[in-house]
């Protein structure tokens, strides 16, 4: 469905620079790019580029290379899922509220620009110190600033690396069990995953859990019991960071050279996902499900959980000119723009827009843990053996989030609905991220034994 926009915003089509005619397929675009995108998707067209897949797309040359034009449509954020498959006029109605929300945010941003000169793509923060000398086994790519997070030493963490000590992820599990088997299955298959660490997770048993968990949260009045329990399940961020850094500092076997920046990012994402799997295994309801249901749920939402983890880290980071990695290092947006390539750069900027939306909504930690729980128990899942238990978990989480927002943010009566709309954008972002990863995989650019690619392949089989 198309939506009008306000003329005073002076928007130009992000694909070709022509005058915008309205909201089309998730974005303000011109009429020409709207029609081109719709025809391409509905007719399942496949284009090729006769040049180097980097043709300039503007108002005068937009018809010259349909391949690069369509890639630019996807890069700037036009959404495949918004195009109707039945060839009827109008997009999918479910995107209407998101368009209206986006329009309101653009109006708000326009007012901010007029009042404060605020822009998303600001330069690096003033006074950022130069990066310190990197540790010997973990070279920092150019453009990364190694900060000193609280509780994280500059060198490798003291003591054994424990469950995440191996730099290369163990993939020696039966393919029939899927890529998560080594991280989910306890010693005896067919049992639900216990909250304790299973035997395959670490060869020598170690005393105590690998992560420190905070003291029970005293939320005071108006904090539902479910949210209190979820807060207690959140791992200590400093210990997670130290464990991931320690893993990255260990050189991979057979690869004495320093890894490329993209390979490092993939390993960071792998280790972050392993910590997310551990969190899921400790969650109420999830640990009561059969292993098959647990794997189905995680295979459905793994990319959304990773994206949402990144988004919340940026909200805590609070700097528009850089992004914060899970290792505590800062990457300037100017570095991303110069070195990351157009697809990854567009992903980062789209994520930054969502960071701004959630920051404007004043997302707090209580809402974050509840939304993460909702993502884990997404009802957009088929072939579950215990669908009723998952449905009950989602209903309880929805009720807890609604009660919390009404109690603590009474001045923003629709905050609950706005937060759920943001989850739609998280899913769209995760879909674009998976397409990017698979594109890199087809180009043989992904590191070996990458868990994320195995997750992608498991989803397709």
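From the backbone N, Cα and C atoms, a Cβ is placed for every residue, glycine too.
Quick look at what Swiss-Prot lists:
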type	residues	note
DNA_BIND	10-85	DNA-binding region
MOD_RES	34	N6-acetyllysine
MOD_RES	38	N6-acetyllysine
MOD_RES	72	N6-acetyllysine
COMPBIAS	126-138	compositional bias 'Pro residues'
MOD_RES	203	phosphoserine
DOMAIN	222-459	domain 'NR LBD'
Count of other CB atoms lying within 10 Å of the CB belonging to residue 38 (N6-acetyllysine): 19
Helix, strand and coil counts within the DNA-binding region (10-85) (DSSP): 26 helix, 8 strand, 42 coil
Other CB atoms, at most 10 A from the CB of residue 72 (N6-acetyllysine): 21
Residue 34 (N6-acetyllysine) CB neighbourhood, other CB atoms within 10 A: 23
Spatial separation of residue 72 (N6-acetyllysine) from residue 34 (N6-acetyllysine) - C-alpha basis, Å: 12
Length of the line joining the Cα atoms of residue 38 (N6-acetyllysine) and residue 72 (N6-acetyllysine), in Å: 14
